[in-house]
Structures are given as structure tokens and as C-alpha cells.
Amino acid sequence: MANNTLHRYLFEDLSVRGELVQLDDAYQQIISSKEYPKPVQNLLGELLVATTLLTATLKFEGSITLQLQGNGPVSLVVINGDNDQKVRGVARFEGEIADDATLHQLMGKGYLVITISPKDGERYQGVVALEGKDLAECFEGYFERSEQLKTRLWLRLGEFEGKPHAAGMLLQVMPDGTGSSDDFEHLEQLTDTVKNEELFSLEAEDVLYRLYNQDKVQLFEPQNVEFFCGCSRERSGGAIITIERSEVDDIIATEGKVSLHCDYCGTSYDFDSIDVAHLFEEATKGNDTVH
């Protein structure tokens, strides 16, 4: 099957649109950057699926960042995705976490922060209290309040062929106002029957046929979803030269090197005294050229 793909579709006679995302490698790369407990892996997976589904609604170049913030053992979960479906994510946690911990046990009193950042235009940010029984319910509440559109999400995590998989579906009434609540409930009931194994193993066309073969469904071209953190040695060097040279020299005197670690992909970039001298020398040359 085609993994790491997002599919959009439309129910031609019912004024309802849908999305289906199936992820394996993109999800696995995010959770492999640290030794995350299983419940934290699941939170990252659910937020990743939700981010992918939401970025599909963007009608412009830009990005969406979803953050879970709380005062529980998990203080932060962040997923960022853009209109090209390049995604990355990280989580912060402390202490022992029970394998069966719920969303509220993990996050404590928490919030879902949704930040939409167009390439051109003003940034939008919405904050939603984590009041639903699960993450999908929190997102549904957000859509109902912010867009006044009936929306349902299904966020699924699990193992398939020995590897972690993540998948999800979204149904939303079209904003033209012609969709009926009965039609939407009919599609909800059908989608509720989808099994994890089907989402992890079947092609999108087969999943949709299994669920909606009595309805007319228009399936659009899929979009690939790709893990992309954006870190590089050059960017890390650029960060070092923003620090006072004396502070950098003190670190090298103590540690023997300056190390920068990318939380998104787990890569570390090390700079010794020769590297640092070269960085500051090049920065000085650049400043002289400007003046």
C-alpha cells in the first residue's frame, strides 16, 4: 500500500468532505528521536495525524503548529506541518509514565494551541482547553466553535507488521450550508466501523470502498507526507555566532567542544575550538563586507 499519504475526497450528493491519512515512516522517524514512553508516542502520533488532516484545509502557503501544553508529567507535545505536508515533532516529559495513562493523566490541566502561520499575511492562534475525553473530541470542539462546521475526527495508533503506524480520518460538512445532519450522521456511523488494521494495511481506495460503497465518492490526487526537521550544521553554526565569543570559549575550555542537539531528529552537531574560530572569523569577514 502507499504509506505516508494524505487523501482528500468528497461525497458528491451529500455536501460532506473527507480526508484519510496513513502514516508509517513519517511517524516512526518522529518517535525514534528520543526514548519516548508508549503513551507519549501515542500522543505524538495522534497530534501528527491531526496536524496532517488540518494542513490539508490550508488554502495558502504556510504552516500549522499544534501544541499540547499542560502541568502533568507531559508538559509539551508539538507537531509542525506545512502545506507541502512536511512534518516534524517533539515532546517533553518527566518521571515514570503508566502505560495506560489517559490524556488528562498525561497532560494534567492542559490546553491545545493551534497556530496557523501563512507565508504572507497575519498569523492566527486559537487556544482550546483539553476538556474532551480524548484528543479527537478536543479538535471537534475547536472546529465547532471556530468554524461552526460539524466535524468528526478518527485518530488511530497501533502496530502493524511489527512497526508503529498512525492513521486518521476526517469528515466535515461543507461550508455551503446544504449538508443535512442526517447525511452526516449516516457517514459518521459508517466511518465508526473502520478497523485499525484496515487503515494500516489497505489502499485508500479500498478503505473508502469498504466504508462508503453505497455513496458516490470523488477521490482526489494524494499528497505525500514527509518527515523534515530542517536542521543542519550550517544552521547550528549560525546559532553559535549569536552567542558572545567569551561564553563560547568558556564552554570549549570546560567541555572541549560546543554541542548543539536537534530535538526533532536527534542529530548532534559538535564544534571544537578550530571550528568555532573559523565560524567567528567568517562572521567578522561578513560584517566587514557589509560595512
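Every residue gets a Cβ built from N, Cα and C, even glycine.
Keep in mind the model is a prediction, meaning the values are calculated, not measured.
According to Swiss-Prot, the feature disulfide bond maps to Cys229-Cys231, Cys262-Cys265, an assignment based on sequence analysis.
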| From the Cα of Cys265 (disulfide bond) across to the Cα of Cys229 (disulfide bond), what is the distance in angstrom? | 6
| request: Report, in whole Å, the straight Cα-to-Cα distance of Cys231 (disulfide bond) from Cys265 (disulfide bond). | output: 8
| message | Can you tell me how many other Cβ atoms are located within 10 Å of the Cβ belonging to Cys231 (disulfide bond)? | response | 18
| note | Cα of Cys231 (disulfide bond) to Cα of Cys262 (disulfide bond), in Å and rounded, measures 7
| said: Let's check the environment of Cys262 (disulfide bond): how many other CB atoms sit within 10 Å of its CB? | reply: 18
| field | Neighbouring C-beta atoms (10 Å sphere around the C-beta of Cys265 (disulfide bond)) | value | 17
